[in-house]
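Features of the protein shown, as given by TrEMBL:
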- A:THR156, A:LYS182, A:THR193, A:GLU280, A:ASN404, A:SER409: substrate binding site (BINDING)
- A:THR193: active site, nucleophile (ACT_SITE)
2 protein chains.
Amino acid sequence: MSVNLSAPVAADLLAINGVRIGVTEAGVRKANRKDLTVFLLDEGASVAGVFTQNRFCAAPVQICRDHLAAGTGIRAMVINTGNANAGTGTAGLANARATCAALAKELDLSAGQILPFSTGVIMEELPVDRIVAGMPKAIAAAKADNWATAAEGIMTTDTLPKAFSRSVSIGGKTVSITGISKGAGMIRPNMATMLGFLATDAAIAPELLQPLVKELADGSFNRVTIDGDTSTNDSFVLIATHKAGNAQITALSSAEGEQLKAALLEVAQKLAQAIVRDGEGATKFISVKVEGGKNEDECRLVAYSIAHSPLVKTAFFASDPNLGRILAAVGYAGIADLDQTKIDLYLDDVHVVVDGGRNPSYKEEDGQRVMKQQEIVVRVVLGRGDAAQTVWTCDLSHEYVTINADYRS
Amino acid sequence: MSVNLSAPVAADLLAINGVRIGVTEAGVRKANRKDLTVFLLDEGASVAGVFTQNRFCAAPVQICRDHLAAGTGIRAMVINTGNANAGTGTAGLANARATCAALAKELDLSAGQILPFSTGVIMEELPVDRIVAGMPKAIAAAKADNWATAAEGIMTTDTLPKAFSRSVSIGGKTVSITGISKGAGMIRPNMATMLGFLATDAAIAPELLQPLVKELADGSFNRVTIDGDTSTNDSFVLIATHKAGNAQITALSSAEGEQLKAALLEVAQKLAQAIVRDGEGATKFISVKVEGGKNEDECRLVAYSIAHSPLVKTAFFASDPNLGRILAAVGYAGIADLDQTKIDLYLDDVHVVVDGGRNPSYKEEDGQRVMKQQEIVVRVVLGRGDAAQTVWTCDLSHEYVTINADYRS
């Protein structure tokens, strides 16, 4: 199941000059699966990333942070599925380091120039030998027009690969952007989701990459939730190869900086929303917009309270306008001085609640009509100020329970 | 479905001298259902209550708070199912007041001496006429040995009525305690759950009742969760009729005060746990114990993070020892300076994780054996201090989705 999402067409995805990708079957957990992906970056590329806030973060996340902080110039990334290398203690860290060392040796680089990523089951030992054995084949397969295969290579419980491209003209030069993402459950990113990779050939001052990736994550991956479970492995990485020939962007607030940011954000949002559209068991795509808050934080609090409520999510699954459940979620979101008599609720264009009570002109059949749609906008007006925030989520279906009860078997 | 819970035997429930209860069918939402219950209290009874922290609290909750604060001596309570009178704005408040006024008239009391309670669907208008029409029959049916019927009268999606009694000898006199509760979904009480009523004939200084009910709620109803959805109507009420003949208890910290508190807490915990055992779709009863915290707050944070995780709950449903999901929930609970290398995890007697990594001597079949049980203790040791907290919850099954997708139809 997925909601208005289709697999990318390989020919629609733009190659990014300076990035080559190879994918192979390494047998990490199951046979006959593309489960090992390597990214090879030309010298001079800039890389920045944001990672999970989960305190039980996986070993590869810790290594990524170290290698990015060291600033030795990232030249390759290695991604395995089937095993998250999380909850694996000091042995897990050693395994992640061994993976980097092995790829560095193959590529004549230092281990600190490699970023490792893992996704899959937690608390199992990473099979480093099988990963290392697969590396030569993945490197040999590397090519620039390989993004569609890479999107497949990083899938776990995803039903569809997720990849988007766009180009934008900056200072008369065409800049290309391509990104891939994966994830369908354990999705409530707190910084970024496991996994998103976004690359551009734009020339941009390297020191701008870290604030830019943070801003992109906040506007995309940090606004989606499927089940409220923040993964141990969330990682979102931005690569700039600087090869588009545009005059180097030196400020995000410049006209060219804003142009690039808008184009990157569009792709990042599509990638983040694709994760929700392919959410485990999802049958509906729901945008929760909270307006009229005192600040963005409280808007987000209310939006997530609605988006995480199992009762709200099952009501969407059932197409049942049992909208009191939304009011209950607004009420327990944690705003201590919330005045319920100022709250309005809309379902798309249908005005359901006025001043905290049922709108006298609201008719059940109007709510029913909207609830049956595959795409629904829930809009809550708090009547406290001018701030607003949007969060994207999906419904909670039988299929979610089935998938997660069966995941390891 | 319910986990190790059976319906109370009417003869096992102790009458409380000074409390009479009547139940009838008022047709609030559906025909042929016991949906209206009145409690009649003798003059001199003391009543205290704690109520939902949900800011979208229901009209009857607001009226209860007002009437208890006014201190005019509560003499009766009226409880309807089928309609929560929540999200109903000013009309809802007027309807709750009208209900109190009507019962007061029947009983020759003032409206301020009545506490109203409602449970059922949110955002529908309370059918006051049908409730008022049913009152004479409920009053006529009132008798002291009617607790089992009352436990049925307050059920909504509950599959079993919930009632417990016990007696305790205090200063040579036998003191009786009986309580009832209801609730199966929208359960993550924040003060108390919808609904719990606990009565004793113990003589106790009236001013002790409010701190006592708060302490009881914190040790019972405030430790359970089914779906993390805090209801708009949670109410937990403690009644003392002072008729047992014991010397009046004047301090909770006295020997007699501690005796009474322990006996009340035992019944309150059974009532709270009964709600989890009858949780919507529950197939397992899970105690989450978090130890070694710096303080109780952070232990509770971690315990609820585990108890609310849809991934953890579906793993329990599947009897799948996918225990990395528990580590992930510990990691995102919100303790900023948590050190994952100090964390141990036990499943009953099975030591699964040591120092943040898989215990080398842990065997999958040991985890599997515990996961198959109907009652499971998850124990997390944080290694930060001496504080501990326990929370009770259930698993997340297909049945939960079915019940909540179908609830209104």
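Placed from the backbone N, Cα and C atoms, the Cβ positions cover glycine too.
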Binding-site residues near chain B, Cβ-Cβ under 8 Å, from A:THR156, A:LYS182, A:GLU280, A:ASN404: A:ASN404
Cβ neighbour count within 10 Å of A:THR156 (substrate binding site): 21
Cβ packing number for A:GLU280 (substrate binding site), 10 Å threshold: 28
Count of other CB atoms lying within 10 Å of the CB belonging to A:LYS182 (substrate binding site): 28
Assigned element (helix, strand, coil) containing A:ASN404 (substrate binding site), judged by DSSP: helix
Neighbour tally for A:ASN404 (substrate binding site), based on other Cβ positions within 10 Å of its Cβ: 28
